Amino acid sequence: RFIAKPCALGLKVQANGPQKAQPNAILEKVFTAITKHPDEKRLEGLSKQLDWDVRSIQRWFRQRRNQEKPSTLTKFCESMWRFTFYLYIFTYGVRFLKKTPWLWNTRQCWNGYPYQPLMPDLHYYYIVELSFYWSLMFSQFIDIKRKDFGIMFTHHIVTVTLITFSYVTNLTRVGTLTLCLHDAADVVLEAAKMANYCKCQKLSDLLFLTFAIVFIVSRLGIYPLWILNTTLFELYEALGNFPALWVFNVLLVILQILHCFWSYLIIKAAYKAISKGKVAKDDRSDIESSSDEEETVPRSKTPHSTITTNGTGGANGTNGYLTGGTCSEEH
């Protein structure tokens, strides 16, 4: 509010949201109480009731759905907050880990286990990361839902469970390696989003492709070869079999499955970025558009009539008629 918003306005980020649909009591009741995506039969019924053509009603529902999307300014502020956190915590993690022996030799993660002292720096690192992921899990329900809501919610549950479980069982050394490795790609992703909102397309493309490389290398390469290798094999060799080992490894493998799914989506987005010359947008920024929105005034079944409907008249005739305007973002 006090830092990100002034920065966004200084960078000329668009402050206004999508175009609003003109108020209409009948359509609003259908939208809020029945459906946001009326089928053909319902559209025909509304068309007869309001004396609108079907395309005008479809346009109204599109614009009404788009009203619930966050503005570019809101998304920039959110990305700037996350970028600041990820940059800070990743820098902190690197500075902490470079002084530890287990960064250079993962077998040191199990040396003396479970009687390993909990250092203040490590405790702070864990508590801050855990707090952040708890906040993400709760804020997901009040934020605009993304297309991968279910996958992200699963990821947050697995992450919170992993951090908590590793803290309780004192598997914190390998936990710090996992946390730092995951934060690396997130820094670049949020920077790419901010560049996209600022309409710095070339910088956004470059950052997104950098993010794709960092994500795939770190989570499909380093993570299995470095983290899973030590938890699946080195841990078993050092300490033998015990129940926490299997619980911990199951959670880490679930995380790897999620990495594979996201890598597939990122590769698709990177391909589009290269082929079309621009980065795929945040799922929540999808503003629905249609070629019929090029018209400045929607067509009525009675275009020459001055009859008013729903008790209100206006410059365009019927209450609820929409002034047109081309949407600025593609669906």
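Residue 1 is the first one shown; counting continues down the chain.
Glycine is no exception: its Cβ is also placed from the backbone N, Cα and C atoms.
Marked as domain 'Homeobox' by TrEMBL: 27-71. Sequence annotations record features per position, and here TrEMBL assigns DNA-binding region to 29-72. Residues or ranges marked as domain 'TLC' by TrEMBL: 74-275. What TrEMBL lists as transmembrane segment is 79-97, 123-142, 206-226, 246-267. TrEMBL lists 285-331 with the feature region 'Disordered'. Sequence annotations record features per position, and here TrEMBL assigns compositional bias 'Low complexity' to 318-331.
Beyond the transmembrane segment (79-97), the same-chain residues lying 6 or more positions past its ends with a Cβ under 8 Å from any Cβ of the stretch are 3-4, 7-8, 103, 121-122, 125, 128-129, 132, 176-177, 179-180, 183-184, 186-187, 190-191, 193-194, 197.
Remote same-chain residues near the transmembrane segment (123-142) are listed as 85, 89, 92-93, 96, 149, 152-153, 156-157, 159-160, 163-164, 167, 172, 175-176, 179 (criterion: CB distance under 8 Å, separation of at least six residues from the stretch ends). Within the model, the domain 'Homeobox' (27-71) carries an average pLDDT of 83. Counted with DSSP, the domain 'Homeobox' (27-71) comes out as 32 helix, 1 strand, 12 coil. Within the same chain, residues 148, 151, 154-155, 158-159, 161-162, 165-166, 169, 171, 178, 211-212, 215-216, 219-220, 223-224, 227-228, 231-232 sit at least 6 positions outside the transmembrane segment (246-267) and bring their C-beta atoms closer than 8 Å to a C-beta of that stretch.
Counting only same-chain residues 6+ beyond the ends of the transmembrane segment (206-226), those with a CB under 8 A from a CB of the stretch are 106, 177-178, 181-182, 184-185, 188-189, 191-192, 195-196, 256, 259-260, 262-263, 266-267, 269-270, 273-274, 279.
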